[in-house]
Amino acid sequence: MSLIPYALTRPFLFGMDPESAHDLTMNLMAKGQNTLLQQAWAQPMVSDPVELAGLKFPNRVGMAAGLDKNARCIDALAAMGFGFVEVGTVTPRPQPGNPKPRMFRIPERNALINRLGFNNEGLDAFLSNVKRSQARAQGKPMLLGLNIGKNATTPIEDATSDYLKALDGVYPHADYVTVNISSPNTKNLRALQSDEALDALLGAIAERREQLATQHGKRVPVFVKIAPDLDEEQVGVIAATLQRHGMDGVIATNTTISREAVKGLPYAQETGGLSGAPVLEASNQVIRQLRSALGSRYPIIGVGGILSGEDAVSKIRAGADVVQIYSGLIYRGPALVPETARAIAQLR
């Protein structure tokens with residue numbers, strides 16, 4: 001149980017602009033991890049083990065990518081009781097992302113809009129931070145996913161080279177790797193979800209992964225993260241392509257470009273990806289379609305709109321094997337982690 005209830009700190013954080021609040025929180029967590037200060041946000045680890053893609057997850061609730069883009073707070077996040085933590089998205093070269101302001105809260109709907117644009121310090125800094133994790137060095141029961149993307153300045157036709165460079169770098173340090181082709185905030189990135197582009201990209205990744213498995217003596221699972229803004233035919237094409245190239249699983253979904261659920265509210269028309277409560281059903285629908293297309297045994301990580309134990313259970317019932325949270329952590333705080341983990345565990 002964290003020493004400082006989130007209900008006390010949230011008004012202070014929500015009094016700041018979203019990116020300043022995010023940066024302050026991440027800096028405090030980075031400095032406070034593995035010290036007594038960590039008790040301010042620590043939560044119990046709920047035991048609900050499951051095996052997926054050859055990995056043993058301590059429980060079925062993970063931290064989604066995007067919060068910790070530079071892998072600075074792995075140990076701090078592990079202390080919140082997550083069964084797995086995904087950091088990134090990292091690109092081969094450092095990049096500043098899109099101009100500010102680029103994050104917006106819509107508290108009336110428990111939602112966020114961001115157009116950050118893969119702002120990160122680049123692969124070298126990212127890997128240095130991963131290697132510094134004490135939780136990893138001590139073998140604590142938490143899996144680590146490393147999420148990779150392309151640089152904004154890399155032409156879309158050369159995107160594969162960026163993904164392969166990033167894969168080469170993260171492979172030895174990851175429990176699993178996520179290929180992010182679904183952020184709406186990098187120009188043309190979602191075009192990689194189309195049939196021919198996805199086929200070419202995943203073919204190259206599959207080939208490189210086999211080379212890396214031989215080189216490093218281990219086969220690291222590769223997941224692909226997709227958007228919620230897809231029709232059933234597109235989902236079917238993606239599912240077939242994932243299986244054809246031996247991808248180990250899919251993460252559904254990223255943020256949405258739809259604004260139906262927040263129409264008329266302040267900041268609703270800001271460009272970027274919408275996350276939080278309004279994405280829940282759209283994400284669940286894609287999960288249901290994926291489960292139908294992929295069969296009962298293919299690994300699906302469900303993410304999007306989880307703000308309660310009930311929301312997490314809805315993802316599992318839609319067909320997800322495990323889930324991730326992000327916006328819910330902003331609105332509900334660290335106590336959401338054990339709440340969702342316990343709710344899912346009760347399904348057994």
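Positions of Cβ are set from backbone N, Cα and C atoms, glycine also.
The active site, nucleophile feature in Swiss-Prot is assigned to Ser183. With a cut-off of 8 Å between CB atoms and residues at least 6 apart in sequence, the same chain places Thr89, Gly117, Phe118, Gly149, Leu189, Arg190, Asn254, Thr255, Gly273 near Ser183 (active site, nucleophile), listed in sequence order. In the three-state DSSP assignment, the secondary structure recorded for Ser183 (active site, nucleophile) is coil.
Among the features that Swiss-Prot reports, FMN binding site is placed at Ala65, Gly66, Leu67, Asp68, Lys69, Thr89, Asn147, Asn180, Lys225, Thr253, Gly276, Gly305, Tyr326, Ser327, with the record citing sequence analysis. DSSP assigns Asn147 (FMN binding site) to a strand. In the shown protein chains, 27 other C-beta atoms lie within 10 A of the C-beta of Asn147 (FMN binding site).
According to Swiss-Prot, the substrate binding site annotation covers Lys69, Asn114, Arg115, Leu116, Gly117, Phe118, Asn180, Asn185, Asn254, Thr255. According to DSSP, Asn254 (substrate binding site) sits in a coil region rather than a helix or strand.
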Between Asn147 (FMN binding site) and Asn180 (substrate binding site), the C-alpha gap once rounded to whole angstrom: 7
Same-chain residues at least 6 apart in sequence whose Cβ lies under 8 Å from Arg115 (substrate binding site): Asn98, Arg102, Met103, Pro184, Asn185, Glu270, Thr271, Gly272, Gly273
Ala65 (FMN binding site) versus Asn180 (substrate binding site) - Cα distance in angstrom: 10
Binding-site residues: Ala65, Leu67 - member with fewest neighbouring CB atoms within 10 Å: Leu67
